[in-house]
């Protein structure tokens, strides 16, 4: 039973579900549904899929997440970055607009779902931690720029393609002569209006006496107004005959049952993209879920979240959708509108299903430029170039990771960018720990404390030196320590004792153990004793299992002060 | 001038070269030359190349290393593991015995040389540290097994091929009916004799009154005796007519001038193998060089070693050789024989050049089985399965790395094995640091020391807890700390203060900074103050450059004792 409630969180919240929660969830669902209709259409456009795919991807996946997910407020569906990654991945294997393209989207969602489920069952949620914050920030910023640029073609009413900034810009520039001015007028007006809604409408509504929550929700509904107005304009004046691209006929139906293409060739080609989409989607989703849960002192289980998102993506694969994840904007709206349980998500799904059946004829004349405008305005809020300055101030390594991620994402696309960011973060971390800070320390007079002799006035001894290595000892820095010690010993002929103060050594792996053995042997040969002080419990346990302590030329001291007083007793210490 | 002596170590030792050094170097060169002739032929056989390639690979490369290398005793040339890797790499792109095969070997040496030079000029010698000791030990052991197995076909006188243990064994078994019994007799006798020389001859010689050094050198010359005897046997009885494979005609010439094949396709195919050969070769070479240098208190410059080995490989590429590196056996013989400077290497090269011109007709009847026996006996000393037991006792992570390296090398070949070993070592290290040890500490009564409350009897306080994280805070464990703290705070309602004791925190990267900010904000919301104690200098410098300290709910204390006394003053502490 405990295992069952772990894998089915619905059993926990479902048991206490009451009338009050129901009414709150219903209100939230109505608000989110209205907001999701244009957003789902727009992201499907971004992914290069027919508009209904966006709505389908919001129905069954939301329901499945509400059964398996642990977040009470997360709204699952198509999101901007994942839509962009989907377009980039499928663009490699199929031509946009073909049946193969939509089928590949299903396969991508299925693969991603299977991966998320696997990671969840194996409890590997911690893997997402290897995406460092600077890499994520850089990636999201670059993706925002790429997405906004990719939508310019709809604003201008021209053809353009590409998944990298140079390609997109070149393609846009190349087709610039084809500009459709009516499309541009609609696109520019919609973009301007949406920016104004985002920045100027809320203060206005607040001044007009509306409550802050209502003002907020009305602001978030801005895209709906843009959709209604531009659709009416296009319909009344038949702007499609003037070359304005419109959404056109969308099937009036519930999500179809679809089977993803399972050819090995396609799976091989989509494997890496699916993995990256899974990880990026998971990181985005878990960040949102944790932020919202924290506000109500609820807890999120990352491994169960993987299962919830995995189920959602499997659902998307079988119902005409494409890869989904927990979206930031929709989840915040859901939360602000008062959603109390995942049932709100299920009600949203029902709302969207009704829309899919009943409302699709109404968006026949919806200009694609309007959808592009909603995407541009949404993603530009993701662009945060300030991260570069903050990273530069704080740490050069983090700055390098952000900059590389941004530049590589823009220049070579999302997959290269995020992969390079992860590899670079890990490489920089390993590089830093491979050349650890080593301080030679002395006794602060009148205390039992030891400090760096270069920074503090401390007592030293001509024949006894103490080195404090500020890093765990492992294969990447094992040889560094050897070199450092040999150099230090070579320059000082009168040494009798070397103490290694192990305060910051949290681990000694087998490579480092061999280095310590080599150091000990070498120092013995020079008539110098090697001592250890303040070795941590787990490290000591492990050293006891080797022969190192038997062969150690010196002793292991519990505290550095004890080591010092013991070794410097006969000749009196002199001030440095 | 300093730059010049850095890149040309010959300018340093050459200036003080005298008669005494000359005579020592000459003696060492004669001994090494005699030992190298059969060894070079045997390793060429192992690499699948004509025997003369082994001798050519020992002439110009040695000379170039003696100009650019920093080790005084290192002997450069073909070695077992690199020969095996060469065979595996070239076997992928060309058929053994064809002109393309030998040309690919030149390309491999050229590529490897170029890579080593590049790494050297960029001072990237530290990269070799990412090969952990257990991975190297596992790789060498598995390579030894692979090499010995690959040579069994020459002992049995049958055809067999393959670069992995399953393939080799299957191929051997498949051809077992073809056994040539005379070849087997020669091979088994030679193997038995060489094992006896290794184990039994030295004590015998010592008992006979020979000096230990002379006994050692005579023991090392055992293969020469086996070569002479079996060659005479084969020649006198014309065993080749009975199906015994012999070396046959070897061109009587100095190393030819050769041009490596520089087609992009070949370079792309050999890129990864060349990189692995470079790194493995460098690691093997530098280990030997450092061991020998340490005995005479000399220093090795790893970056200059890269340049020396790079030059040697470039030399091999243009003179009919194949990838070379500093060999263990030959270097030890060189050192023991009294070599004082790299000039000994140059003299060895001259000796081998004379052998290439004058002695090759003498080895016409040398049975391949004898060469295989010398290889088998040499490499079986590399096999050390005891590493598995030592690693198991010491650390499960190291054990996993060794075991994976051994099994993957045997099952999928040298390249997969060593790559997997490196990746696994890094992954395990990251995994360990991503779930750091966190101790809740209390005051040891009567001291200023704080210890883990679960291990020691210490003073605690109902409203103040202190956590000591035994790891640097970086992206991989940033979220772990958040989760840990939220859980700890959630279970304890009366908390007013949380102290983070930062003794073992050597770094706080930007991801961890954001986690600390999130923790601080969350705790503030709960009415709990977050304090830091014993923050290291470099970490504090960095935190000062962010806004974290301005927003910190609590204070930063210089010592943990100060934090404790300050925060627990009003209500008196009680014993835990």
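Our numbering is plain: 1 for the first residue shown, then up by one each step along the chain.
Heads up, the Cβ atoms here are built off N, Cα and C, so glycines get one too.
Feature annotations, courtesy of TrEMBL:
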TRANSMEM  B:21-41  transmembrane segment
TRANSMEM  B:53-68  transmembrane segment
TRANSMEM  B:75-94  transmembrane segment
TRANSMEM  B:100-122  transmembrane segment
TRANSMEM  B:134-158  transmembrane segment
TRANSMEM  B:178-197  transmembrane segment
TRANSMEM  B:217-237  transmembrane segment
TRANSMEM  B:270-294  transmembrane segment
TRANSMEM  B:306-324  transmembrane segment
TRANSMEM  B:344-364  transmembrane segment
TRANSMEM  B:371-388  transmembrane segment
TRANSMEM  B:400-428  transmembrane segment
DOMAIN    B:454-553  domain 'STAS'
Who are the chain neighbours of the transmembrane segment (B:371-388) in space, where the CB to CB distance is under 8 Å and they lie at least 6 residues beyond its ends?
38-39, 41-43, 45-46, 80-81, 134, 137-138, 140-141, 143-145, 147-148, 151-155, 187, 190-191, 193-195, 198, 223, 226-227, 247, 329, 399, 402-403, 406
Distant-in-sequence neighbours of the transmembrane segment (B:21-41), which means Cβ under 8 A and at least six residues beyond its ends:
51, 54-55, 57-58, 75, 77-78, 217, 220-221, 223-224, 226-227, 247, 329-330, 333-334, 337-341, 343-345, 347-348, 350-352, 355, 359, 363, 366, 370-371, 374, 378
Need a quick answer: max count of Cβ pairs under 8 Å to the transmembrane segment (B:344-364), which of B:100-122, B:217-237, B:306-324 is it?
B:217-237
I need to check the long-range neighbours of the transmembrane segment (B:178-197): which residues 6 or more away from its ends have a CB within less than 8 Å of a CB in the stretch?
154-159, 219, 222-223, 225-226, 230, 233-234, 239, 242-245, 367, 369-370, 372-374, 376-377
Model confidence over the domain 'STAS' (B:454-553) (mean pLDDT, whole number):
88
Counting only pairs at least 6 apart in sequence, do the transmembrane segment (B:100-122) and the transmembrane segment (B:400-428) share 3+ Cβ pairs under 8 Å?
no
Hey, would you say the transmembrane segment (B:134-158) packs against the transmembrane segment (B:306-324), going by three or more CB pairs under 8 A that are 6+ residues apart?
no
Close approaches to the transmembrane segment (B:270-294) from elsewhere in its chain (Cβ under 8 angstroms; 6 or more beyond its ends):
69-74, 76, 79, 81-82, 85-86, 88-90, 92-93, 104, 107-108, 111-112, 115-116, 119, 125, 127-128, 131, 136, 139, 300, 302, 305-306, 309, 313, 323-328, 331-332, 335, 414-415, 418-419
Where else in the chain does the transmembrane segment (B:306-324) make close Cβ contacts, counting only residues six or more beyond its ends and a cut-off under 8 Å?
7, 9, 44, 47, 49, 52-53, 56-65, 67-71, 76-79, 82-83, 85-86, 102, 105-110, 112-121, 124-125, 255-260, 274, 277-278, 281-282, 285
DSSP helix, strand and coil counts for the domain 'STAS' (B:454-553)?
44 helix, 20 strand, 36 coil
